[in-house]
Every structure is written in C-alpha cells, then in structure tokens.
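Here is the structure we will look at, set down as structure tokens.
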Amino acid sequence: MVPPSLPLLLTLLFLTSSLSFSNGEDTFPTQQGHPHFHPHPHLHHGTANHNYRDALSKSLIFFEGQRSGRLPPNQRLKWRRDSGLSDGSAMHVDLIGGYYDAGDNVKFGFPMAFTATMLSWSVIEFGGLMKGELQNAREAIRWATDYLLKATAHFNRVYVQVGDANKDHACWERPEDMDTPRTVYKIDPSTPGSDVAAETAAALAAASLAFRRSDPSYSKLLLNRAIRVFEFADKYRGAYSNGLKADVCPFYCSYSGYQDELLWGAAWLHKATRNPTYLNYIQVNGQTLGAGEMDNTFGWDNKHVGARILLSKAFLVQNVKSLHDYKGHADDYICSLIPGKPFSQTQYTPGGLLYKMSDSNMQYVTSTSFLLLTYAKYLTTSSKVVTCGGTTVSPKTLRNIAKKQVDYLLGDNPLRMSYMVGYGPRYPKRIHHRGSSLPSVAAHPGKIQCSSGFSAMSTASPNPNVLVGAVVGGPDANDRFPDQRSDYEQSEPATYINAPLVGALAYLAHSSGQL
C-alpha cells in the first residue's frame, strides 16, 4: 500500500509543481546549450536503407484513422468521418473521443492507455529529433489523453471500455454506421482494476512530460490526475479482468496480473514528479511487484521490462544509487535478445525477425526496437555497456539490432514486403480493418448494415480506403504473409504496434541524416 505520508507529500507537490520543473527534463535535447543535452557522436554515421522520415510521418497519420469522436478540420485521412458521438451517454458521462484500438469499433481503455504511454515515451526520448513531426506526435498523444482525462474525471472510478466487444465483433460495419450497444464499463473500489488504472496513471504521467514545455498547464493537469489515479490503483488492488471478465476477455485480459502496472506506474510518477514518495514505493515494493522476474515480453499486457529500462535510467543518468539493481535487470533483458549468443533466449525467423507469438507479433518487434534504442541512449550518456555474463555488448550493437528489425518491417525481408500500409512499393492491401475495407461515407453515403459488411470482409479485392501508416501483425515464424483480410493475427493493425515505432523511426531518421 502507499505509505501513510503520501497525501501530505502530494499536497506539497501540487503547490511546488510549477517551481520544480523549470528546467524540464530530457524531453527535447535539441541544443548544445540545454543543460540535459548529451552529444550523440554516433548520429549521422549510419547508412539509410529506407526513408525513415517518410515512415515516421506515415506512422503518425495512422492514428488519425483510428480516431473516435468529432474529427478536427485538419484531419488528414479524409475518408474517415465523425463517429461515437453519444459514447458515455449510457452512464450519463462524456466519453466521446479516444481511439479504436485496431480493426474494430470498440474503445478499450487498457491498450489505449499503453498506446499513450509509448507515444509519450517516444516524444520524451526522441521528440527533439522529430522536427516537423513533433507537433503531429503531440496531437496523437493528446487525442488519447483528452479521452483518458474524461475517463478518470470521477474520484475512485475509471471508465475502461466503451462498446460491447462481442456484439461489435459480430458485425462488420464502419465506425460511422455503428449501431451495436455502446455499453460503458468501469472500475471502482468494488470492482477494482489496478492494471488498467496504473497504466492510465502511467500514460497521464508520461504525457505530462511530453507536454511540459509546450503546454505547461495541460502538463500539470495530466500529472495531478496521474497521481490521483495511481493512488486509486494501489489502494484498491485487483485485476480488471476478474470483475469484468465476460466483457474484456479474451480481447484484453490482464494475463500478467496487475503488479507490473503498479511498478510501471510508480516508475513514471517517479520520473514525472521527482517526489521521493515514489522512489520509496519502488524500493519497498519493487521485488514483490516482479522487478526481478525473467519475463522478457513487453507490450500492452506486461510492463515489467519497460519499467526496468525506465528505472535503469534513473541509476545510469541521474545516478540514483538505490536503483542500481535495475541496470542488472535491464541488462538481463537485453542479453536475452542478442541473436546467436549462448545467453540469447529469443526466437528469430529465418529472415531475421524477432518472433514472440503468432498473434500480432509485430507489436513486440516495435516495442523491443524502441527499448533497444532507448537503452542504448542511456548507456551512451553514462558511458556504460551491457554485461552478459563475461561478455560485454556495446550500445552500437543494440542500435544495429533495432535497425535490422525496423528495416525488416519496412521491406528488408524474404517477401520484400513492407508491413506498413502505404510505405514502399509492396505492402498489405487487405488489412483486417472495418473502416478501411468498406466503402467510405463519401463513396457510399447510405448506411451499411451490421451483417451486410461481411461480404466486403470476405472479398479478395484490396481495401478501398488506404489506412496510411498502419503496421499489421506481420509474417509468421517462417516469414510467410498471406495478406488475407480474415487473418486478424497477421493482417490487423493496432495503435500499440505503431506507438513505440514512432520513437524508433525518429531516431533512425535522424541518425541517417534524414531529419
């Protein structure tokens, strides 16, 4: 539980927050004169296999195709229209906005929050390299965080889903035509959900750092809400898929439990607030929350690895000695990824793609690539290396592994197929996505009914609307990809596939001299 002194410390934090953050953190290291700028001697020395800048731009456009709510005048994917404009009315709350997670029309709060966290982390670490895309990245974050602020507006309550997923999946219809029940699901003290609440707190805290300089008042609002939501997550413990099992499973069950999110949320609040309460929380609870567990998969469900990398920075860069163990924990994870070494524990396809599982494998490719580049940045800044038993691994090796994964995604693979829609000469044409696969409202103004849309789902014709920047689940363990709309495991895009890729592409575009 949170130490008894937390309320007093949080009150002091609110009063001093405007004074404590005058230097910002490390959000935008763009100028030599910035106190947190660390030169990157490795930049501009790489060879560019791809137009990473173009891929970065497209990876952000994708989020506009996933928007729910009232679309703004500067919407770039013009085939989308307003949708979900009564969301929340079933419980007399405003839950308009946010993102559809993937190829359906449900708003799942758990992966949406993780998406916001990873977009924010991308901006925190690599926003200074994004140039003209930085504003688009912030807008992608804000579309999620504006919704998360609505979902957390009530004390000790978080609205975690809008839409009956089973009924939604029984239809194949455009979001603009949705007529399935927009049921609202929530967690509260009697139906706790420490996992989704702590992830929401992490998202709000991370976003507060991403907006600290560009919009200080919004940043403060996000941080204060993050503090409150984390306190709720920690006080009322339980997995949200226990109380809401029939509604959130098997879609976004919390298979890993909620301990990883509590550690992850505390790590982000430590980073965002510099309040010693959170460092103390991590020191007291870290091991019971799984800090040392050897679970080497990072994604919307399990955050342990991300927390280890994030907390290792506090030790490596900020010299927080009490977090020394997290350097070892982070090294253990990184060592497990090094291909061809006796300490490697990671499967790669014959073509060289990291392979975790058949369903939406590319999410692990993008999240791992981001962590490799981010940890390489921390190691370079602190002049350290990875220790794998008696072997040392340089930051350059980590960057090379990450670059190879991103290059595979963009087309350097046995099929010469880009797995990002709209990038390169050959990419998936029949993605598992309702809005993309059905005629747009402009092309077909009349309503397309629930079941009649399935005729479009089963056709071999390319999708009429190009969901630019969407990264699909990707090839199988043998580098095969059938490009079939019905194959959701390989052909469905998702916001949490793209979110960490944004940071990786920004780094690669800059390091190859394209930004």
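These residue numbers are counts, starting from 1, taken along the chain as shown.
Cβ coordinates come from backbone N, Cα and C, glycine included.
What TrEMBL records for H432 (among others) is active site. The C-beta environment of H432 (active site), restricted to residues of the same chain at least 6 apart in sequence and closer than 8 Å, consists of G103, V472, R485, S486, D487, Y488, S491, E492, P493.
Counting only residues at least six positions away in the same chain, the Cβ atoms of P428, K429, R430, S491 sit under 8 Å from the Cβ of D483 (active site). The annotation active site is assigned in TrEMBL to D483 (among others).
For E492 (among others), the entry in TrEMBL reads active site.
Look at TrEMBL and you will find 25-34 tagged as compositional bias 'Low complexity'.
As annotated by TrEMBL, compositional bias 'Basic residues' applies to 35-44.
Among the features that TrEMBL reports, domain 'Glycoside hydrolase family 9' is placed at 52-505.
Annotated region 'Disordered' per TrEMBL: 25-44, in sequence order.
The signal peptide annotation in TrEMBL covers 1-24.
The 10 Å shell around the Cβ of E492 (active site) contains 21 further Cβ atoms across the protein chains shown.
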